[in-house]
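Trainee: Have a look at the structure that comes next, please.
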Amino acid sequence: MLRSITSLAAALLLGALPAAAQTAAETAPPEAPFAKVSELVTLPDFLPGLGTLYVDPASLPAGPFLGYDHDGKLSATIYMTPIEDLQDGTAYDDLAVGSNTVTSVDVYYNAGHPGVEKPHVHVVLYHDAEAKARLAE
Amino acid sequence: MNRRTLIIRGAAVLLAARARPASAQAAPVLIEMKGSPRGERVAFVPSGVGVAPGTVVRFVNRDAGNSHTATTYHPDILDRPQRIPDAAQPWDSDLLLPEDAFEVTLTVPGVYDFYCVPHEHAGMVGRIVVGTPDDTGWQGPATDPGDLPDAALAAFAAVDVILAQGAVLPPGGDPT
Ligand SMILES: [Cu+2]
């Protein structure tokens, strides 16, 4: 009984925290419902600039996408927000982050790719100072 | 590449040129699928080509961070408007991963418009002109815009420019 109360309290506590406080596995692969993007759609395993991506398909198109480097270390959290949807008034709020440590953020345009076909914005949160270099190629 | 490789390559090219009978089919004509490193721009390079009937056209994905298709506009494929000659067979490479290739032989003279399924809205389209308007049965370009997005319609090279230049770069140039 005590045990279930404790887990209930823990669950409530987690639920009360903003979604942004949730973090992901530091080593690939993250747990389900996250799935490897290259197994969901026809894309290379490792995407230069983003890494090996995992996403919860239910969260498409925005993500978060978790980007792991060649050694399987969580290096970036990426969001993909279609420009047309933003223009039409869609907001993507309270998105989770893969890690609470963010050293820099890149925002840039992408013309589309399998999985997120519409032209969209990539918002890339790097989780350590060397992450960008490790994900480059 | 060192000088010796260059010479060997040069010799191979020369031999290939000699071995080719004057009227027969040439080596495949290459159309590369390219993208900028972060995927801001994508395109077929060249995006317009003129070839002789019977030419093999080879599509290769040179984009390390993206997948592309070369897909003809045709009702039989994804129910799109027809933009290839009536007598031509429609074709679709399906998604090509980096360095994957797809080849098609074009025999019916006329204008073939094609697109990349995930990037049509980004204007990734191409046009192949097979033969010239003097060829029997030659069929000119489609004129009805149909359901094509503006970005696609704006990116087709003009047939006379393709015929004059042989190969035309996409509107924004090579994206790489
Ligand atoms: Cu494409």
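Yeah, the Cβs are placed from backbone N, Cα and C, and that goes for glycine too.
Automatic, uncurated: that is what TrEMBL annotation is.
Feature table excerpt (TrEMBL):
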BINDING   B:HIS68, B:CYS116, B:HIS119, B:MET124  Cu cation binding site
DOMAIN    B:38-130  domain 'Blue (type 1) copper'
SIGNAL    B:1-26  signal peptide
Trainee: Cβ within 8 Å of the Cu cation site's Cβ centroid: which residues qualify beyond B:HIS68, B:CYS116, B:HIS119, B:MET124?
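Mentor: Everything else in range on the chain: B:MET33, B:VAL42, B:ALA43, B:PHE44, B:ASN66, B:THR69, B:TYR115, B:VAL117, B:PRO118, B:GLU120, B:ALA122.
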Trainee: Please list the DSSP helix, strand and coil residue counts for the domain 'Blue (type 1) copper' (B:38-130).
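Mentor: Going through the domain 'Blue (type 1) copper' (B:38-130) residue by residue, I get 6 helix, 40 strand, 47 coil.
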Trainee: Measure from the Cβ of B:HIS68 (Cu cation binding site) and count the other Cβ atoms within 10 Å, all protein chains considered.
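Mentor: Summing over all protein chains shown, B:HIS68 (Cu cation binding site) has 33 other Cβ atoms within 10 Å.
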Trainee: At a CB cut-off of under 8 A, do any of the binding-site residues B:HIS68, B:CYS116, B:HIS119 come close to chain A? List them or say none.
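Mentor: From B:HIS68, B:CYS116, B:HIS119, flagged as close to A: B:HIS119.
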Trainee: Can you give me the same-chain residues 6 or more apart in sequence from B:MET124 (Cu cation binding site) with a CB-CB distance under 8 Å?
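Mentor: Listed in sequence order: B:MET33, B:VAL42, B:ALA43, B:PHE44, B:HIS68, B:TYR115, B:CYS116, B:ALA155.
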Trainee: Who sits close to B:HIS119 (Cu cation binding site): which same-chain residues at least 6 apart have their Cβ under 8 Å from its Cβ?
Mentor: B:VAL42, B:HIS68
